[in-house]
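This report concerns only the one structure given below.
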Amino acid sequence: MRILIILILLWGCGSGSAQLSQNFYAKVCPDVENIVKKAVSAKFSQTFVTVPATIRLFFHDCFVSGCDASVIVASTAGNTAEKDHPDNLSLAGDGFDTVIKAKAAVDAVSSCKNKVSCADILALATRDAIVLAGGPTYPVELGRLDGLSSTSASVEGNLPQPSFDLDQLNKMFASRGLSQTDMIALSAAHTVGFSHCNRFANRIYNFSRQNPVDPTLDPQYATQLQGMCPKNVDPRVAINMDPATPRIFDNAYFKNLVQGKGLFTSDQVLFTDSRSKNTVSTWASNPQSLNTAFIQAITKLGRLGIKTAKNGNIRFDCGKFN
(Lines of atoms letter the chains of each structure in order from A and count residues from 1; the text may use other names and numbers.)
(Lines give C-alpha, C1' and ligand atoms only; values in the text may rest on other atoms or scores of the structure.)
Protein backbone atom coordinates (compact mmCIF):
# COMPACT_ATOMS: atom_id res chain seq x y z
CA MET A 1 0.00 0.00 0.00
CA ARG A 2 2.82 2.42 0.87
CA ILE A 3 4.49 1.88 -2.52
CA LEU A 4 1.16 2.41 -4.29
CA ILE A 5 0.64 5.72 -2.48
CA ILE A 6 4.16 6.84 -3.37
CA LEU A 7 3.59 6.00 -7.04
CA ILE A 8 0.35 7.97 -7.08
CA LEU A 9 2.09 10.95 -5.51
CA LEU A 10 4.96 10.67 -7.97
CA TRP A 11 3.02 10.17 -11.15
CA GLY A 12 -0.39 11.63 -10.52
CA CYS A 13 -3.45 10.10 -12.09
CA GLY A 14 -5.90 10.88 -14.82
CA SER A 15 -3.53 13.15 -16.76
CA GLY A 16 -3.01 10.62 -19.53
CA SER A 17 0.60 11.62 -20.10
CA ALA A 18 3.72 11.86 -18.01
CA GLN A 19 5.39 15.25 -17.75
CA LEU A 20 9.17 15.25 -17.67
CA SER A 21 11.03 17.78 -15.55
CA GLN A 22 14.63 18.31 -14.49
CA ASN A 23 13.78 18.29 -10.77
CA PHE A 24 11.34 15.38 -10.84
CA TYR A 25 12.99 13.56 -7.92
CA ALA A 26 13.69 16.67 -5.83
CA LYS A 27 11.48 15.50 -2.96
CA VAL A 28 11.97 11.74 -2.97
CA CYS A 29 15.61 11.38 -4.10
CA PRO A 30 17.22 14.82 -4.36
CA ASP A 31 20.77 13.51 -4.84
CA VAL A 32 19.94 11.06 -7.62
CA GLU A 33 22.10 12.80 -10.23
CA ASN A 34 25.22 12.70 -8.06
CA ILE A 35 24.59 9.07 -7.11
CA VAL A 36 24.32 8.02 -10.75
CA LYS A 37 27.30 10.16 -11.75
CA LYS A 38 29.54 8.46 -9.16
CA ALA A 39 28.44 5.02 -10.29
CA VAL A 40 29.09 5.84 -13.95
CA SER A 41 32.49 7.35 -13.10
CA ALA A 42 33.44 4.20 -11.20
CA LYS A 43 32.44 2.04 -14.16
CA PHE A 44 34.28 4.37 -16.57
CA SER A 45 37.46 3.99 -14.51
CA GLN A 46 37.27 0.24 -15.21
CA THR A 47 36.68 0.45 -18.97
CA PHE A 48 36.20 3.14 -21.60
CA VAL A 49 33.64 0.88 -23.30
CA THR A 50 31.25 2.25 -20.67
CA VAL A 51 30.86 5.36 -22.85
CA PRO A 52 29.83 3.99 -26.27
CA ALA A 53 27.98 1.07 -24.69
CA THR A 54 25.75 3.29 -22.54
CA ILE A 55 25.04 5.82 -25.30
CA ARG A 56 24.11 3.07 -27.75
CA LEU A 57 21.93 1.34 -25.15
CA PHE A 58 19.97 4.57 -24.66
CA PHE A 59 19.45 5.03 -28.41
CA HIS A 60 18.39 1.42 -28.98
CA ASP A 61 16.00 1.63 -26.04
CA CYS A 62 14.32 4.89 -27.01
CA PHE A 63 14.04 4.14 -30.72
CA VAL A 64 12.14 0.87 -30.44
CA SER A 65 9.31 1.40 -27.96
CA GLY A 66 10.24 4.64 -26.25
CA CYS A 67 12.65 5.45 -23.42
CA ASP A 68 11.37 2.84 -20.99
CA ALA A 69 14.41 0.61 -20.27
CA SER A 70 12.68 -2.27 -22.08
CA VAL A 71 15.94 -3.10 -23.86
CA ILE A 72 17.51 -4.06 -20.52
CA VAL A 73 14.93 -6.74 -19.69
CA ALA A 74 16.24 -10.30 -19.97
CA SER A 75 14.50 -12.98 -22.00
CA THR A 76 12.58 -15.72 -20.22
CA ALA A 77 11.43 -19.19 -21.22
CA GLY A 78 8.17 -17.68 -22.43
CA ASN A 79 9.44 -14.47 -24.04
CA THR A 80 12.35 -13.43 -26.24
CA ALA A 81 13.10 -9.86 -25.18
CA GLU A 82 14.37 -6.86 -27.15
CA LYS A 83 17.98 -7.41 -26.15
CA ASP A 84 18.05 -10.78 -27.94
CA HIS A 85 16.93 -9.46 -31.32
CA PRO A 86 19.82 -9.75 -33.82
CA ASP A 87 20.10 -5.94 -34.06
CA ASN A 88 20.72 -5.76 -30.30
CA LEU A 89 23.09 -8.70 -29.85
CA SER A 90 26.05 -6.37 -30.44
CA LEU A 91 25.08 -4.10 -27.54
CA ALA A 92 28.06 -4.28 -25.20
CA GLY A 93 27.43 -5.74 -21.76
CA ASP A 94 29.15 -2.77 -20.14
CA GLY A 95 26.16 -0.58 -21.00
CA PHE A 96 23.74 -2.88 -19.19
CA ASP A 97 26.19 -3.20 -16.30
CA THR A 98 26.46 0.59 -15.99
CA VAL A 99 22.71 0.94 -15.51
CA ILE A 100 22.45 -2.02 -13.14
CA LYS A 101 25.24 -0.68 -10.93
CA ALA A 102 23.82 2.84 -10.95
CA LYS A 103 20.40 1.45 -10.02
CA ALA A 104 21.98 -0.47 -7.12
CA ALA A 105 23.71 2.70 -5.93
CA VAL A 106 20.45 4.66 -6.04
CA ASP A 107 18.50 1.94 -4.23
CA ALA A 108 21.21 1.72 -1.56
CA VAL A 109 19.96 5.11 -0.32
CA SER A 110 16.88 4.30 1.78
CA SER A 111 14.90 7.38 0.75
CA CYS A 112 15.51 6.58 -2.94
CA LYS A 113 14.88 2.83 -2.91
CA ASN A 114 12.42 1.78 -5.64
CA LYS A 115 11.56 5.40 -6.42
CA VAL A 116 13.78 6.04 -9.48
CA SER A 117 13.05 4.30 -12.77
CA CYS A 118 15.64 2.35 -14.73
CA ALA A 119 14.68 4.49 -17.75
CA ASP A 120 15.68 7.68 -15.93
CA ILE A 121 18.88 6.10 -14.65
CA LEU A 122 19.80 5.17 -18.24
CA ALA A 123 19.08 8.73 -19.41
CA LEU A 124 21.29 10.18 -16.67
CA ALA A 125 24.05 7.62 -17.22
CA THR A 126 24.10 8.47 -20.93
CA ARG A 127 24.69 12.16 -20.21
CA ASP A 128 27.38 11.32 -17.65
CA ALA A 129 29.15 8.98 -20.08
CA ILE A 130 29.19 11.67 -22.77
CA VAL A 131 30.70 14.18 -20.35
CA LEU A 132 33.34 11.71 -19.16
CA ALA A 133 34.48 11.36 -22.79
CA GLY A 134 34.81 15.12 -23.18
CA GLY A 135 31.40 15.78 -24.69
CA PRO A 136 28.93 18.50 -23.74
CA THR A 137 26.96 18.44 -20.50
CA TYR A 138 23.24 19.14 -20.55
CA PRO A 139 20.25 19.02 -18.20
CA VAL A 140 18.41 15.68 -18.25
CA GLU A 141 14.63 15.68 -18.08
CA LEU A 142 13.31 13.04 -15.67
CA GLY A 143 10.03 11.35 -14.89
CA ARG A 144 10.00 8.30 -17.17
CA LEU A 145 8.40 5.03 -16.12
CA ASP A 146 9.78 1.62 -17.03
CA GLY A 147 7.90 -0.30 -19.69
CA LEU A 148 5.84 -3.41 -19.03
CA SER A 149 6.70 -5.14 -22.31
CA SER A 150 9.88 -6.19 -24.11
CA THR A 151 9.75 -8.37 -27.20
CA SER A 152 12.23 -9.19 -29.91
CA ALA A 153 9.49 -8.74 -32.50
CA SER A 154 9.09 -5.07 -31.55
CA VAL A 155 12.68 -4.38 -32.65
CA GLU A 156 12.24 -5.63 -36.21
CA GLY A 157 12.49 -2.75 -38.69
CA ASN A 158 12.75 -0.12 -35.97
CA LEU A 159 16.49 0.54 -35.85
CA PRO A 160 18.56 2.27 -38.57
CA GLN A 161 20.82 -0.06 -40.51
CA PRO A 162 24.45 0.61 -41.60
CA SER A 163 23.39 0.26 -45.24
CA PHE A 164 20.72 2.99 -45.07
CA ASP A 165 20.75 5.93 -47.48
CA LEU A 166 19.63 9.43 -46.50
CA ASP A 167 15.99 8.87 -47.48
CA GLN A 168 15.77 5.76 -45.31
CA LEU A 169 17.44 7.51 -42.38
CA ASN A 170 15.22 10.57 -42.66
CA LYS A 171 12.06 8.48 -42.92
CA MET A 172 12.86 6.45 -39.80
CA PHE A 173 13.83 9.48 -37.72
CA ALA A 174 10.91 11.56 -38.97
CA SER A 175 8.51 8.83 -37.85
CA ARG A 176 9.73 9.60 -34.34
CA GLY A 177 9.47 13.36 -34.67
CA LEU A 178 13.19 13.84 -35.27
CA SER A 179 14.48 16.04 -38.10
CA GLN A 180 17.34 15.46 -40.50
CA THR A 181 19.44 17.81 -38.36
CA ASP A 182 18.59 15.75 -35.26
CA MET A 183 19.55 12.57 -37.08
CA ILE A 184 22.92 13.94 -38.18
CA ALA A 185 23.59 15.33 -34.70
CA LEU A 186 22.82 12.00 -33.02
CA SER A 187 25.19 10.32 -35.50
CA ALA A 188 27.95 12.21 -33.68
CA ALA A 189 27.83 9.42 -31.08
CA HIS A 190 29.77 7.32 -33.60
CA THR A 191 32.81 9.38 -32.62
CA VAL A 192 33.20 7.04 -29.62
CA GLY A 193 31.56 3.90 -30.97
CA PHE A 194 32.93 0.70 -32.42
CA SER A 195 31.65 -1.86 -34.86
CA HIS A 196 32.22 -5.46 -35.83
CA CYS A 197 33.73 -6.11 -39.25
CA ASN A 198 30.68 -7.84 -40.71
CA ARG A 199 28.67 -4.62 -40.43
CA PHE A 200 30.74 -2.92 -43.15
CA ALA A 201 32.62 -5.77 -44.89
CA ASN A 202 30.64 -5.23 -48.10
CA ARG A 203 32.17 -1.75 -48.45
CA ILE A 204 35.74 -3.07 -48.54
CA TYR A 205 35.35 -6.36 -50.42
CA ASN A 206 32.23 -6.67 -52.55
CA PHE A 207 30.56 -3.29 -52.85
CA SER A 208 29.58 -3.78 -56.49
CA ARG A 209 30.68 -5.64 -59.60
CA GLN A 210 32.43 -2.54 -60.95
CA ASN A 211 33.84 -1.43 -57.59
CA PRO A 212 34.77 -4.10 -55.04
CA VAL A 213 35.65 -1.22 -52.66
CA ASP A 214 33.10 1.54 -52.10
CA PRO A 215 34.45 4.50 -54.14
CA THR A 216 33.23 6.95 -51.47
CA LEU A 217 35.76 5.46 -49.05
CA ASP A 218 39.16 7.09 -48.79
CA PRO A 219 41.48 4.52 -50.49
CA GLN A 220 44.06 4.56 -47.70
CA TYR A 221 41.36 4.14 -45.07
CA ALA A 222 39.85 1.24 -47.06
CA THR A 223 43.27 -0.47 -47.09
CA GLN A 224 43.55 0.02 -43.31
CA LEU A 225 40.12 -1.51 -42.80
CA GLN A 226 41.06 -4.51 -44.95
CA GLY A 227 44.13 -4.99 -42.78
CA MET A 228 42.07 -4.90 -39.58
CA CYS A 229 39.22 -6.92 -41.07
CA PRO A 230 40.60 -9.61 -43.37
CA LYS A 231 38.10 -11.94 -45.04
CA ASN A 232 36.79 -14.61 -42.64
CA VAL A 233 37.91 -12.50 -39.66
CA ASP A 234 36.86 -13.49 -36.14
CA PRO A 235 33.36 -11.98 -35.80
CA ARG A 236 34.27 -10.67 -32.35
CA VAL A 237 36.88 -8.27 -33.74
CA ALA A 238 35.71 -4.68 -33.24
CA ILE A 239 36.91 -1.55 -35.07
CA ASN A 240 36.74 2.04 -33.81
CA MET A 241 34.23 4.06 -35.80
CA ASP A 242 36.39 7.16 -35.39
CA PRO A 243 39.98 6.39 -36.46
CA ALA A 244 41.20 9.81 -35.29
CA THR A 245 40.13 10.30 -31.64
CA PRO A 246 38.12 7.18 -30.69
CA ARG A 247 38.10 7.95 -26.96
CA ILE A 248 37.01 11.58 -27.17
CA PHE A 249 33.47 12.79 -27.78
CA ASP A 250 34.25 15.52 -30.31
CA ASN A 251 33.52 16.60 -33.88
CA ALA A 252 36.18 14.33 -35.43
CA TYR A 253 33.39 12.10 -36.77
CA PHE A 254 32.35 14.90 -39.12
CA LYS A 255 35.93 15.71 -40.08
CA ASN A 256 36.31 12.03 -40.96
CA LEU A 257 33.23 12.12 -43.21
CA VAL A 258 34.71 15.05 -45.15
CA GLN A 259 37.83 12.90 -45.68
CA GLY A 260 35.89 9.83 -46.83
CA LYS A 261 36.42 7.99 -43.56
CA GLY A 262 32.88 7.18 -42.53
CA LEU A 263 32.73 3.52 -41.50
CA PHE A 264 29.16 2.75 -42.53
CA THR A 265 27.32 3.63 -45.73
CA SER A 266 24.84 5.40 -43.43
CA ASP A 267 27.72 7.51 -42.11
CA GLN A 268 29.39 8.49 -45.36
CA VAL A 269 26.09 9.27 -47.10
CA LEU A 270 25.70 12.23 -44.74
CA PHE A 271 28.53 13.90 -46.65
CA THR A 272 28.03 12.48 -50.14
CA ASP A 273 24.35 13.48 -50.28
CA SER A 274 24.02 17.19 -51.11
CA ARG A 275 21.02 17.57 -48.78
CA SER A 276 23.08 16.85 -45.67
CA LYS A 277 26.60 17.76 -46.84
CA ASN A 278 26.49 21.38 -45.63
CA THR A 279 25.51 20.33 -42.10
CA VAL A 280 28.43 17.89 -41.94
CA SER A 281 30.84 20.54 -43.25
CA THR A 282 29.61 23.09 -40.70
CA TRP A 283 30.03 20.75 -37.75
CA ALA A 284 33.43 19.57 -38.99
CA SER A 285 34.66 23.12 -38.47
CA ASN A 286 32.37 24.35 -35.68
CA PRO A 287 32.24 22.04 -32.65
CA GLN A 288 30.15 24.46 -30.59
CA SER A 289 27.42 24.47 -33.23
CA LEU A 290 27.48 20.66 -33.14
CA ASN A 291 27.20 20.57 -29.35
CA THR A 292 24.16 22.83 -29.41
CA ALA A 293 22.44 20.65 -32.01
CA PHE A 294 23.41 17.43 -30.25
CA ILE A 295 21.96 18.57 -26.92
CA GLN A 296 18.71 19.51 -28.62
CA ALA A 297 18.55 16.18 -30.48
CA ILE A 298 19.33 13.91 -27.52
CA THR A 299 16.81 15.80 -25.39
CA LYS A 300 14.15 15.16 -28.04
CA LEU A 301 15.24 11.53 -28.25
CA GLY A 302 14.76 11.21 -24.48
CA ARG A 303 11.11 12.23 -24.79
CA LEU A 304 10.11 9.36 -27.07
CA GLY A 305 7.39 6.97 -25.92
CA ILE A 306 7.18 8.11 -22.30
CA LYS A 307 5.10 5.62 -20.30
CA THR A 308 2.32 6.65 -17.94
CA ALA A 309 1.03 4.94 -14.81
CA LYS A 310 -1.29 2.92 -17.06
CA ASN A 311 1.51 1.28 -19.03
CA GLY A 312 4.59 1.59 -16.83
CA ASN A 313 6.02 1.34 -13.35
CA ILE A 314 9.29 1.64 -11.46
CA ARG A 315 11.11 -1.65 -11.91
CA PHE A 316 12.75 -3.09 -8.80
CA ASP A 317 15.24 -4.99 -10.96
CA CYS A 318 16.07 -3.38 -14.32
CA GLY A 319 16.53 -6.80 -15.89
CA LYS A 320 13.08 -8.19 -15.15
CA PHE A 321 9.50 -7.07 -14.70
CA ASN A 322 8.09 -6.61 -11.21
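Quick reminder: no glycine exception, Cβ is built from N, Cα and C everywhere.
Where the annotation comes from TrEMBL, it is an automatic prediction and has not been curated.
The disulfide bond recorded by TrEMBL for CYS318 joins it to CYS118 [selected from CYS67, CYS112, CYS118]. Disulfide connectivity taken from TrEMBL links CYS29 to one of CYS112, CYS197, CYS229, namely CYS112. Cβ neighbours of GLU82 (Ca(2+) 1 binding site) (same chain, under 8 Å, six or more residues apart in sequence): HIS60, ASP61, VAL64, SER65, SER70, VAL71, VAL73, ASN88, SER150, THR151, SER152, SER154, VAL155. In this structure the C-alpha atoms belonging to ASP250 (Ca(2+) 2 binding site) and ARG56 (site 'Transition state stabilizer') are separated by 16 Å. Around PRO160 (substrate binding site), taking its Cβ as the centre, 19 other Cβ atoms fall within 10 Å, counting all chains.
Here the candidates are the recorded positions ARG56, GLY66, ASP68, PRO160, and by Cα distance the one nearest ASP242 (Ca(2+) 2 binding site) turns out to be ARG56.
Cα spacing between THR245 (Ca(2+) 2 binding site) and ARG56 (site 'Transition state stabilizer'): 18 Å, rounded to the nearest whole number.
In the structure shown, across all protein chains, ASP61 is the one of the binding-site residues ASP61, ASP68, ASP250 with the greatest number of other Cβ atoms within 10 Å.
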